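Listed in TrEMBL for this protein:
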- 425-436: compositional bias 'Basic and acidic residues' (COMPBIAS)
- 497-516: compositional bias 'Basic and acidic residues' (COMPBIAS)
- 126-199: domain 'Ig-like' (DOMAIN)
- 204-290: domain 'Ig-like' (DOMAIN)
- 297-383: domain 'Ig-like' (DOMAIN)
- 425-448: region 'Disordered' (REGION)
- 488-528: region 'Disordered' (REGION)
- 1-17: signal peptide (SIGNAL)
- 394-416: transmembrane segment (TRANSMEM)
Amino acid sequence: MESWILIILVLTPGVWSGDWRVTLKSQCALKGASVVLKCEYDYPGGSVVTSVGWYKVRYVSGTGRLYPVTNPPSSPNHFRYAGNRWSDCSLEINDVQHTDEGQYYFGFKTMFSRWMSTTYSHLSVKELTAYVEPGTVTEGTDVRLTCESGCDTPVNIVWFKDGVPVQNPVFRARREDAGRYHCAIPGQESVRSASVSLNVHYAPEKVTLSMSPSGDIAKGSSMTFSCSSDASPPVRQTGYSLYKDGNLIRSGQSHTISDVQPGHSGMYYCQAWNNISRRGNDLMKSAEVHLDVHYQPVNISVSMSPPNVVAGSGVNLTCSGAANPAAETYTWYRRTASSTSVLQVGSGQVLSIPSVEASHSGLYSCQAGNQVGENNSTEVLLAMKEEQHGSQSLPITAGIGVSLFVTLVLALLLLWRKLRTHAEEKKTVSDSRLSERGSSSTATEDQSDSIYVNIHTLPCSPPPATDVTPHNAPMSCEDEVTYSTVTIKPRNPLPPHHGDSNRALQDSRSEARENDEPVIYTTVAKSR
Ligand SMILES: *[C@@H]1O[C@H](CO)[C@@H](O)[C@H](O)[C@H]1NC(C)=O
Ligand SMILES: *[C@@H]1O[C@H](CO)[C@@H](O)[C@H](O)[C@H]1NC(C)=O
Ligand SMILES: *[C@@H]1O[C@H](CO)[C@@H](O)[C@H](O)[C@H]1NC(C)=O
Ligand SMILES: *[C@@H]1O[C@H](CO)[C@@H](O)[C@H](O)[C@H]1NC(C)=O
Ligand SMILES: *[C@@H]1O[C@H](CO)[C@@H](O)[C@H](O)[C@H]1NC(C)=O
């Protein structure tokens, strides 16, 4: 091919004739477009063109050489001769690439000669360049799209965003306007700019707090809170905060609780912030999610109402405790102190005993259950306050006792006076014998006429199997006064006096012996 250059140098126009001529024009083409290198040629009359050809300069090791243009195998119609054999020598290049840029020569042969253009057509390959200004905007700001062509020739362009035509190259940015933009030649969409992106910044929205696993959480299990949002720029780790019942728990996008406890129950929400966040906080808050920690009943206790149980009255035992969900089943058990066996005595949260009897006493416990599990309360003693029954009637008993005592004393006083007058009448009769005993016998004589009264203080309970209160109810403590009439028959004379304690009796006996009169003994049972 070097020979061509030599030929060009040798066969300069005018050497042979002025009729040999090739006229070329330089071109600017957009990458991807089709371009025609305009070309005209002429030659002396009478010649017959046998072949035409386009040549392109390639530089090898700094030296430019001409090579015939050939279609690449991948694109058979890349170069197409658009001229003819006599005057037009235009070359069409389809889908122009940057590699096509360069200097093109046209040459032709006639029967006896050949001709190579002395000038060349320079093809410059340019591109469309898209500009989005500004490339990063805060929502609501105006954006302008401009497209520049490297070639001077004005071109119509159209805009695309992510492949979809854009109507107006100037607009107010909304978040959905973010994307990649390019411009192109209408009808030749392969002639297009590179894509440029538009970032529209906006404060977080669609802030969502999710729980994993979702739903009800069992105590002791593990769960994770995750906060997500739609924001530009995206919310960073430190831009997220988790709140429980309105109080900040921690920052970060996710939070794991490895051992969930009832105390973790509550209403949670998260907040998300980016550097666009300026306006009201509510926009950056998630909806609240409820963490509901389920656990079996704990801290179960039994309360007794009224606290002191009286036989015959009613009592309510209430089972209460903490559980989530609330306890559904309650079972009541009774254990008697003596036996180890446990009786099931009822169900329901309140065990109501309308009228307590001795057989009801025992240790009560309740079992509360929900869908998670069940557990028992501690035992509570139900015992009847029997002493209290006594103490309640004590004032009455005491009243009866006192009034009986007073009555008795009065009766005794009356009796004493009556007997005394009677005794004085007899005194004259027995005066001779009485005088033997001295002055002390007078007092003895007085006593001999009185009624003896023994007042015993008897215990209320348990009732002794005595003759004092044989017919009464076991728990009765009523006073019982028994009067006995004792008739003493005369006997042998008594032995001498042994002590003062027997004197009264002896005197009375001697009196009785003498008078044959009845003596009344009285026993008064008095409660404590
Ligand atoms: C927000 O931060 C991004 C980078 O994270 C930055 O490009 C942008 O200019 C910032 N915007 C404001 C309003 O500070
Ligand atoms: C059970 O009682 C303990 C001790 O009083 C208490 O710390 C705990 O919070 C209670 N549990 C529940 C679920 O109320
Ligand atoms: C026990 O509970 C029932 C029903 O609530 C009530 O009618 C009754 O008066 C209560 N009894 C006592 C002793 O509190
Ligand atoms: C609760 O008490 C009942 C009766 O004593 C017993 O059968 C049951 O096993 C107990 N349950 C628990 C969880 O302790
Ligand atoms: C059952 O109750 C007892 C006593 O209140 C308590 O110690 C125990 O932890 C409870 N069991 C469970 C599984 O909560």
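Placed from the backbone N, Cα and C atoms, the Cβ positions cover glycine too.
In terms of DSSP helix, strand and coil, the domain 'Ig-like' (204-290) has 10 helix, 45 strand, 32 coil. Note on the domain 'Ig-like' (297-383): mean pLDDT across this stretch is 91. Broken down with DSSP, the domain 'Ig-like' (126-199) shows 3 helix, 44 strand, 27 coil.
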